[in-house]
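Some notes on the structure that comes next.
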Amino acid sequence: MGTSGVRFLTLVKPFMFALPEVSSATKKIPVNEKLLWTSIVVFLYLVCCQIPLYGITNTKSSDPFYWMRVILASNKGTLMELGISPIVTSGLVMQLLAGSKIIDVDQGTKEDKTLFQGAQKLLGILITIGESVAYVLSGMYGDVKDLGAGNAILIIVQLFTSGIIVICLDELLQKGYGIGSAISLFIATNVCESIVWKSFSPTTINTGRGTEFEGALVALFQLMITKTDKVRALQEAFYRQNLPNVTNLLATVLVFVLVVYFQGFQVELPITPAKSKGMAGQFYPIKLFYTSNMPIILQTALVSNLYFISQILYKRYPENIIIHILGRWEEPEMSVSGQMRPVGGIAYYISPLNSFAEIVSDPVHALLYIIFILASCALFSKTWIQVSGTSASDVSKQLRDQQMVMKGFRASSMQRELNRYIPTAAAFGGMCIGALSIVADFMGAIGSGTGILLAVTTIYQSWETILLAVTTIYQSWETIRKESRDTDALKMFG
């Protein structure tokens with residue numbers, strides 16, 4: 001198996017020169033420059049979200065990714081149609097292959113690490129091409145016969161080009177030019193945009209109750225002003241159906257607070273210099289969210305691809321029993337989006353429930369959904385540490401390279417001790433991320449529980465990175481000022 005793994009990575013070598021690549025930073029990038037590059041990346045993403053695809057004839061067809069758009073950072077009918085789906089899917093596939101030892105990757109060697117990243121990028125490009133062709137052939141932009149060969153090819157080229165841009169923007173940030181990763185950044189931007197829009201949107205929608213504002217807060221003020229019965233107006237603003245309400249908004253705020261609170265949970269392992277064991281040591285923190293938001297990102301990639309395949313197959317073969325097992329779809333009554341929802345099969349049982357009333361009405365669905373989310377997040381979290389350089393062996397090697405050891409342990413036994421904490425922290429942290437996502441979904445939070453989790457963890461990590469950089473700069477400045485003051489004193493008395 002190891003030999004086949006090496007052969008697989010070797011097969012990537014001939015393609016490495018043709019893959020788009022961002023050069024690594026040759027010097028340390030100042031924090032203000034990182035903020036500038038990060039802002040440019042966000043601006044380019046928002047621009048691409050607003051530029052419609054040229055050549056499409058139908059924008060009102062059912063959207064297989066409607067329920068996942070916020071999390072996939074995509075926007076239907078625009079250059080950002082694919083969003084981060086190709087990158088995340090390629091990462092998911094390569095992670096599973098490496099984690100299950102189907103391919104042999106030694107993350108400790110530079111060559112294997114480079115080839116693995118190249119293989120992931122190559123797979124991402126192939127998935128971009130595959131999804132672009134699938135979107136066009138599935139009729140998402142109109143019948144292929146109506147589009148014509150020229151328009152169909154043009155749409156595929158636009159989707160492919162924008163997909164390559166997303167891959168390059170992600171690599172730009174990953175190479176140290178910006179803060180965080182484009183994947184998390186785009187999701188956070190999309191989620192925050194969705195929350196703001198659903199809170200303050202002035203768009204009016206004609207429902208069975210009459211014309212209403214889409215924005216929850218706008219609707220609250222409108223109902224309080226126009227209704228004579230203020231108690232009923234408040235009740236309608238807090239609990240209206242099929243549109244964002246104030247309860248959804250309050251649930252969103254509560255989830256934000258909970259995620260920020262749990263971000264501070266960590267276990268600190270004491271470490272000391274290997275050659276000076278009497279010196280005051282430091283601490284190596286193992287956070288509750290050890291793998292951050294990666295488990296939920298990978299779980300989302302899995303579900304989104306299943307949704308897409310299931311809905312396309314059901315549309316073409318609605319009477320096939322095997323397709324029914326994968327998922328049955330229909331448009332719900334009183335729907336203002338016109339989108340399909342899963343009503344049976346695997347797709348239904350792994351879809352979130354959006355209120356406690358739905359839990360009571362279908363407890364089997366709720367139970368299976370909870371089991372799926374918790375198990376998949378724990379599994380992805382444990383697998384992720386093996387390919388991301390954060391496993392017990394990787395951390396042990398990093399500490400040895402820094403001439404550090406765990407207090408009370410020899411260097412040879414350090415990995416065994418770390419194995420007691422890191423895999424458990426990864427699995428438990430993944431389950432906690434999944435549990436918070438479930439709670440947010442059950443409470444009906446705006447932007448979905450998964451989306452809010454991704455947004456909060458991304459914003460929190462970015463804040464920590466900026467704070468660390470500013471603190472480091474301040475400490476360096478204080479050191480220079482002190483040295484300068486000492487030098488001046490020596491000159492005065494020398």
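Think of each number as a place in line: the chain as shown, counted from 1.
Every residue gets a Cβ built from N, Cα and C, even glycine.
Sequence annotations record features per position, and here Swiss-Prot assigns transmembrane segment to 36-56, 79-99, 122-142, 147-167, 177-197, 249-269, 294-314, 359-379, 426-446, 450-470 based on sequence analysis.
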Short question: which residues 6 or more past the ends of the transmembrane segment (147-167) have a Cβ under 8 Å from it?
-> 20, 44-45, 48, 53-57, 79-84, 86-87, 121, 124-125, 128-129, 131-133, 135-136, 141, 182, 186
Chain residues outside the transmembrane segment (36-56) and at least six past its termini with a C-beta under 8 angstroms from it = 29, 73, 75, 77-81, 141-142, 147, 150-152, 154-155, 158-159, 162, 165-166, 169, 172-173, 177-180, 182, 185-186, 189, 462
Which sequence positions outside the transmembrane segment (79-99), separated from its termini by at least 6 residues, show Cβ-Cβ distances below 8 Å to it?
-> 45, 48-49, 51, 53, 65, 69, 72-73, 105, 116, 119-121, 123-125, 127-128, 131-132, 135, 158-159, 162-163, 166-167, 170, 182-183, 186-187, 297-298, 300-302, 304-305, 380, 383-384, 386-387
The recorded stretch from 122-142, 249-269, 426-446 sharing the largest number of CB pairs under 8 A with the transmembrane segment (294-314) is 426-446
So what's near the transmembrane segment (359-379) in sequence-distant terms, Cβ-Cβ under 8 Å and 6+ beyond its ends?
-> 295-296, 299, 302, 348-353, 427-428, 430-431, 433-435, 437-438, 442
